[in-house]
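K.L.:
Submitted below is the structure of interest, expressed as C-alpha cells.
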Amino acid sequence: MEPPVLKELSDSNTEMQAQVRTSLHKQVVVLGLDGSGKTSVLNSIAANKGKVVTTPTEGVNAVCVNNGNSKMEFLEIGGGEHLRPYWKMYLSKAFAVIFVVDSADHERLPLAKRHLHQLIQHDAIVPLMVFANKQDLKNAYHITEIHEALGLSDICEHRKLFLIGTYVAKDESDVSSGILDAKEFLAQLLSESSTKRP
Ligand SMILES: Nc1nc2c(ncn2[C@@H]2O[C@H](COP(=O)(O)OP(=O)(O)O)[C@@H](O)[C@H]2O)c(=O)[nH]1
Ligand SMILES: [Mg+2]
C-alpha cells in the first residue's frame, strides 16, 4: 500500500505556492513503533484531555490544532513494519518531529532506537522531540534510562532535542504535564521556524 504523499504544486501562481509551502512547514510529523501511543498522544494534544479510544492507524492520521494564534498540523504515520520505510519521506516537510516510544516495552526499545537513528540520518537539523510515553505504567523506564536506551547523546550534536516523559491518562480531565510542556515547546519552535524556513 502506498501512503498518501504531499504533492508539489506545479501551478505557476508563486504566491499560492509560497502559502502552501508555509503551511507545509507547520507540520509536525509524529512517528514511532506501532502501539507506542502516537494516536493517543495526538488526541491528547488536540483535545487537551486524557484517554480517547484509539484503533491502530493504517496509513496516515492528520490532526489540526489551534494553539492560541498559531495553527499546527500533526501528521501521524502508522508505525507498522510495512509503513516504516516511508517515514523519511515526510521529514523534509516538517518543522519538528515527535518520536513516541512505549517506555514499558523494554523488548522493543532497541528496535525503536534503530529506526530513530536511521530516520534522523535523512535530516541533519530538524528538531526532535522524543516522548517517553506510558510513564503511568509501573514498569516504565524513567527518562534517564530511555535517554540511554535510545542512544540520544549520539544524535543531538547539531539539532534541538527534547526528551519528555508523557502519559495519556485514563481520566479524561487529567492531561500529563509533559504533553502541555511539549505544546509550549512546539509553539516556540514554530515561531522560530517561520522566520528561518520560509
Ligand atoms: N497505560 C497507558 N496506555 C497508553 C498510553 N498511551 C497509549 N496507550 C495505549 O496503548 C495502545 C496503543 O495506543 P495508540 O495511540 O493506538 O498507539 P499508536 O499505534 O502508536 O498510534 C492503546 O491501547 C492505548 O490506549 C499511556 O500513556 N499509558
Ligand atoms: Mg496510531
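Backbone N, Cα and C define each Cβ position, glycine as well.
Pasting the relevant annotations from TrEMBL:
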- GLY32, LEU33, ASP34, GLY35, SER36, GLY37, LYS38, THR39, GLY79, ASN133, LYS134, GLN135, ASP136: GTP binding site (BINDING)
- THR39, THR57: Mg(2+) binding site (BINDING)
K.L.:
Can you check what DSSP calls LYS38 (GTP binding site), collapsed to helix, strand or coil?
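P.N.:
DSSP call for LYS38 (GTP binding site): helix.
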K.L.:
Can you give the largest Cα to Cα distance in Å, as a whole number, for the residues GLY32, LEU33, ASP34, GLY35, SER36, GLY37, LYS38, THR39, GLY79, ASN133, LYS134, GLN135, ASP136 that bind GTP in the record?
P.N.:
22
K.L.:
Specify the count of other C-beta atoms within 10 Å of the C-beta of GLY79 (GTP binding site).
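P.N.:
Around the Cβ of GLY79 (GTP binding site), 22 other Cβ atoms lie within 10 Å.
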K.L.:
Going along the chain, which residues six or more apart from ASP136 (GTP binding site) have their CB under 8 A from its CB?
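P.N.:
Expected: TYR167, ALA169.
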K.L.:
Measuring CB to CB from GLY32 (GTP binding site), give everything in the same chain under 8 Å that is also at least six residues away in sequence.
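P.N.:
Sequence-distant Cβ neighbours: LYS38, GLY79, ILE98, PHE99, VAL100, VAL101, ALA112, PHE131.
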K.L.:
When the number of other CB atoms within 10 A of each residue's CB is tallied over all shown chains, which of the binding-site residues ASP34, LYS38, THR39 has the maximum?
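P.N.:
Of the binding-site residues ASP34, LYS38, THR39, the highest Cβ count within 10 Å belongs to LYS38.
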K.L.:
Give the subset of the binding-site residues GLY32, LYS38, THR39, GLY79 lying near ligand 2, defined as CB under 6 A from any of its atoms.
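P.N.:
If the test is a Cβ under 6 Å from any atom of ligand 2, the answer is LYS38, THR39.
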